[in-house]
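These notes concern the structure reproduced below.
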Amino acid sequence: MAAILRDEFHLTRFKLTFPHPEPFHNFLWKWPSWGFILYRFISSAYTLFAFIHYLATWTHPMTSAVFLATWTYFVLMLHFNFSLAVCVWIFIKERKRGKFTTSGAVKDGGSSGNNDNADNDRSDKTGSSDANVNNNTKNVESGVHSFDMNELNTKEKNFPWYLSVSWCLANMAYVCGVTTSILFYFLPDQTYTFVNINIYTLNAIFIYVDLYLSAIPLRILHAIYPVSLGLAYGLLNVVYWAANPSTNIVYHNILNWNEPTKASLIFLGTVLLILPCIQLIFFGVYRMTLGSFKWVYKHPYYLQQMPVPEVAQDK
């Protein structure tokens with residue numbers, strides 16, 4: 001665990017690159033890939049419906065664009081729909097190339113997440129494959145990896161841009177969505193309408209289900225992305241308030257900029273403290289799901305991420 005945490009705090013972990021595309025378009029579990037597309041279709045369709053319904057039934061005198069829930073649910077809806085497009089695109093591409101699999105080499109202990117050279121590697125390295133797999137498995141279990149750094153580095157450099165976008169959207173949707181739900185239930189005098197249940201309750205359920213079913217990696221340093229979204233919303237909130245300080249107060253109890261000290265402390269505490277804490281919790285949940293995979297299938301989820309140079313040198 002110490003090696004895993006040390007690995008997480010390396011500066012390279014800020015990047016949205018990964019040596020394998022499979023975790024972004026497939027189940028964590030050894031289930032058929034078409035099932036993941038079906039799951040993505042259901043989640044994207046429902047969140048799109050819920051967001052349209054949310055806007056269509058809006059009755060508040062202020063525009064919906066200045067409310068945090070609008071931002072966070074839009075990102076959640078965008079995450080599911082963009083991910084659906086990615087899944088369909090990769091599914092079609094792999095079917096055309098004849099390299100489509102239901103579970104994937106990453107989950108089966110193969111040497112390549114995209115299966116491009118898996119068969120060649122097995123035929124070229126039969127004499128040492130068993131030993132390599134055993135060593136790699138031990139290293140993955142301990143958080144240290146002994147894989148070809150040049151090969152993994154090349155794969156990270158060739159990581160598709162659309163998977164980076166999908167990863168960023170997922171991270172922001174998870175952290176900011178749950179934080180919005182927590183803030184909603186802490187505020188007094190809330191009404192539990194169909195819209196509120198969709199936006200503040202079902203969104204959290206969708207997020208936790210997605211965490212459990214998908215294999216999208218969560219990194220501690222990726223807290224910078226939900227923090228950036230939070231800062232952007234704060235800037236909008238201040239600009240909107242400044243246009244008419246007497247009436248443009250979106251959240252009277254927590255973000256009333258007519259009380260700058262209180263509003264600043266609450267805002268900065270939420271963005272710089274609560275959001276990173278939620279990110280850390282999600283990282284723990286992600287590690288637990290990997291542990292569940294290992295418990296079910298008796299081997300770890302293979303090649304969880306590219307090793308950083310320091311970890312490689314320590315070996």
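Yeah, the Cβs are placed from backbone N, Cα and C, and that goes for glycine too.
Per TrEMBL, compositional bias 'Polar residues' is recorded for 128-140.
Sequence annotations record features per position, and here TrEMBL assigns region 'Disordered' to 104-141.
The transmembrane segment annotation in TrEMBL covers 37-56 (among others).
Sequence-distant contacts of the transmembrane segment (68-92) (same chain, at least 6 residues past either end, Cβ-Cβ under 8 Å): 21, 24-25, 33-34, 36-37, 40-41, 43-44, 47-48, 50-51, 54, 100, 162-163, 165-166, 169-170, 172-173, 176-177, 179-180, 183-184, 199-200, 203, 206-207, 229, 233. The transmembrane segment annotation in TrEMBL covers 68-92 (among others).
Annotation source TrEMBL lists transmembrane segment at 159-186 (among others).
Here the transmembrane segment (192-211) has Cβ contacts under 8 Å with residues 43, 46-47, 50, 53-54, 57, 69, 72-73, 76, 80, 170, 173-174, 177-178, 180-181, 184-185, 218, 282, 285-286, 289 of the same chain, all six or more residues outside its ends. Marked as transmembrane segment by TrEMBL: 192-211 (among others).
What TrEMBL records for 223-243 (among others) is transmembrane segment. Long-range contacts of the transmembrane segment (223-243) within the same chain, counting only residues at least 6 positions beyond its ends with a Cβ under 8 Å from a Cβ of the stretch, are 14, 66, 68, 71, 75, 168, 171-172, 174-176, 179, 249-250, 255, 257, 267, 270-272, 275-276, 278-280.
Counting only same-chain residues 6+ beyond the ends of the transmembrane segment (263-286), those with a CB under 8 A from a CB of the stretch are 8, 171, 174-176, 178-179, 182-183, 208, 211, 217-220, 222-223, 226-227, 230-231, 234, 254-257. Per TrEMBL, transmembrane segment is recorded for 263-286 (among others).
Using a Cβ-Cβ cut-off under 8 Å and counting only residues 6 or more beyond its ends in the same chain, the transmembrane segment (37-56) has close neighbours at 64, 70, 73-74, 76-77, 80-81, 83-84, 87-88, 91, 195, 198-199, 202-203, 206, 209-210, 213. Same-chain neighbours of the transmembrane segment (159-186): 16-19, 21, 24-25, 68-69, 71-73, 75-76, 78-79, 82-83, 86, 89, 196, 200-201, 203-204, 207, 210-211, 214, 216-218, 222-223, 225-226, 229-230, 254, 270, 274-275, 278-279, 282, counting only residues six or more beyond its ends whose CB sits under 8 Å from a CB of the stretch.
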